[in-house]
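K.L.:
Relevant sequence annotations retrieved from Swiss-Prot are reproduced here:
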type	residues	note
SIGNAL	1-23	signal peptide
LIPID	Cys24	N-palmitoyl cysteine
LIPID	Cys24	S-diacylglycerol cysteine
DOMAIN	319-442	domain 'GGDEF'
BINDING	Asp327, Asp371	Mg(2+) binding site
SITE	Lys332	site 'Transition state stabilizer'
BINDING	Asn335, His340, Asp344	substrate binding site
Amino acid sequence: MSRINKFVLTVSLLIFIMISAVACGIYTQMVKERVYSLKQSVIDTAFAVANIAEYRRSVAIDLINTLNPTEEQLLVGLRTAYADSVSPSYLYDVGPYLISSDECIQVKEFEKNYCADIMQVVKYRHVKNTGFISFDGKTFVYYLYPVTHNRSLIFLLGLERFSLLSKSLAMDSENLMFSLFKNGKPVTGDEYNAKNAIFTVSEAMEHFAYLPTGLYVFAYKKDVYLRVCTLIIFFAALVAVISGASCLYLVRRVINRGIVEKEAIINNHFERVLDGGLFFSAADVKKLYSMYNSAFLDDLTKAMGRKSFDEDLKALPEKGGYLCLFDVDKFKNINDTFGHLLGDEVLMKVVKILKSQIPVDKGKVYRFGGDEFAVIYTGGTLEELLSILKEIVHFQVGSINLSTSIGVAHSNECPTVERLKMLADERLYKSKKNGRAQISWQ
C-alpha cells in the first residue's frame, strides 16, 4: 500500500470515527433527555390530576360553607357544579364519590357504581391521601380529599389512562418505556424487561405527595436505540468512503499533474507548462526554461548538449534504439565562402528540420560543437528513422543547396556504448568516403 493510500485511509478512518462518535453521542444525549422528560411528564400528569381533584374539593367546600346543605342538597349542588364545569375527559374514568364513615354516594350519574368496593378497600376516609385501588379487574389511582370533618371526596383515574397521558406529554413516546411497581409487582405501564431497555432510570418518588407510592421505572427501547446507532454508523461509513475516494482522486490528480510538469521540465518540453501549471507559475517556468537552456541546450541551435548526450547514451542499451552521428558536408568551405552568419543559419536549419520530424517521445537531437551532431532514436523502426534523416541529406538555406553525411548504428549491434559510438562514427566516415550526402547503416 502506497504512502498516499495509507494517508487517505487514515483520514477516512478519522472521519468515520469522528462522525460516528459525535452523532452517536448527540443521539445518546437526546435519548437520555427524553427518558428524563418522561419522568417529568409523570410528575406533571400527577400534579395536574391533583390540581383538578383539589378544584373539585374546593367546589364542595364552597357549597358547604355557603349553603350548609343537607346530604341530598350537597349531592345536587355538586352534580350541578360539575355539569357547568366539566373536567377534561382524558383525566377521569369514574367518580368522584362522596364518602363518609358508613356511606358512599356516587356523584356522577350513569356510571358504574363502585361504592361498595371503595368502602371495602379505602381505610383512611377522612385523611388526605393517594394510592392504588383495584376492583372489577382494573387498577386505579385514587385521590381522597376531605371536605368536612366526616365527609370526603374520592377521585379515580385508571392507571392505563394515567400511563398513556404521561407518555403523550413526552417526545418520542412510542419508543419510551414507563412502568410502575408496587411491592415488587408491576401495577401499570409497559412490560419492563431490563434486557430490552436502555438508559433505565428508577425512582420511588416518595417526596411527591400527589404521586402514589411505588417504584417508577423509565427507560428507552434498546432495539430502537441500537437500530438508529447502526444507521448513524452506516451513514458515517458512507461519508468516510465518499470522502476518502474524493480525497484519493484529488490527491492522485495533483500528483499526476506534478509528474507531468516534472517530466515536461526535465525533458525540455516547457511549452506544456509555459502557461502556468499546478506547481509552477508561468514566470517560474520561464526561469526554469532559461536555466535549463543554459545548462543543457546548445545556445545557438537549441539542440541538446554533450552532457545530455552522455546520459542518454548510457541508457540506450537498456531502452534499445539507434545512434546517428552526422555533420554538414564541407561546412568549413561554407563558413569561409559565405561567412559565419550563414554558417550559423545552416546549423540551426539542420536542427529545426530534425526537431520538426522527430516526435518528442521518440528521439532527441544533440550538438557536440562545430557541425558535429547526433540523434538518439528509441521510438520506432529503421525505416521510420531513415525517412526522417532523408530530410537533411539534402536541404536548402535560402538558395544554397546543402547536404549531410550520416552514420547509423543500433544498440543491439554492440556490447557497449563505446563500441556503439565507434560503429556509428565508422559508418559516418563511410558515407563521406562514398561521396557524402548519404546515410550508412550497414
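Numbering starts at 1 and runs along the chain as displayed.
In case you wondered, yes, glycine gets a Cβ from its N, Cα and C as well.
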K.L.:
Around the substrate site (Asn335, His340, Asp344), what further same-chain residues have their C-beta within 8 angstroms of the site's C-beta centre?
P.N.:
Ile334, Phe338, Gly339, Leu341, Leu342, Gly343, Val346, Leu347
K.L.:
Whole-number answer please: how many Å between the C-alpha atoms of Asp327 (Mg(2+) binding site) and Asp344 (substrate binding site)?
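P.N.:
Distance (Cα to Cα, whole Å): 13 Å.
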K.L.:
Can you tell me the mean pLDDT for the domain 'GGDEF' (319-442)?
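P.N.:
Mean pLDDT across the domain 'GGDEF' (319-442) comes out at 94.
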K.L.:
Rounded to an integer, what is the Cα-Cα distance in Å between Asp371 (Mg(2+) binding site) and His340 (substrate binding site)?
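P.N.:
Rounded to a whole number, the Cα-Cα distance is 12 Å.
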K.L.:
For a three-state summary based on DSSP, what are the helix, strand and coil counts in the domain 'GGDEF' (319-442)?
P.N.:
59 helix, 37 strand, 28 coil
K.L.:
Once the chains shown are all counted, how many other Cβ atoms turn up within 10 Å of the Cβ of the residue listed as 'N-palmitoyl cysteine'?
P.N.:
17
K.L.:
Per 10 Å Cβ neighbour count, which of the binding-site residues Asp327, Asp344 ranks highest?
P.N.:
Asp327
K.L.:
Determine the most Cβ-crowded residue among the recorded positions Lys332, Asn335, His340, Asp371, using a 10 Å radius around each Cβ and all protein chains in the structure.
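P.N.:
Its Cβ has the most other Cβ atoms within 10 Å: Asp371.
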K.L.:
Return the member of Asn335, His340, Asp344 nearest to Cys24 (N-palmitoyl cysteine) in space, with distance defined Cα to Cα and candidates limited to these binding-site residues.
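P.N.:
Closest candidate to Cys24 (N-palmitoyl cysteine), judged by Cα separation, is Asp344.
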K.L.:
I need the CA-to-CA distance for His340 (substrate binding site) versus Lys332 (site 'Transition state stabilizer'), whole Å please.
P.N.:
10
K.L.:
Measuring Cα to Cα, how many Å separate Lys332 (site 'Transition state stabilizer') from Asp344 (substrate binding site)?
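P.N.:
Distance between the two Cα atoms comes out at 12 Å.
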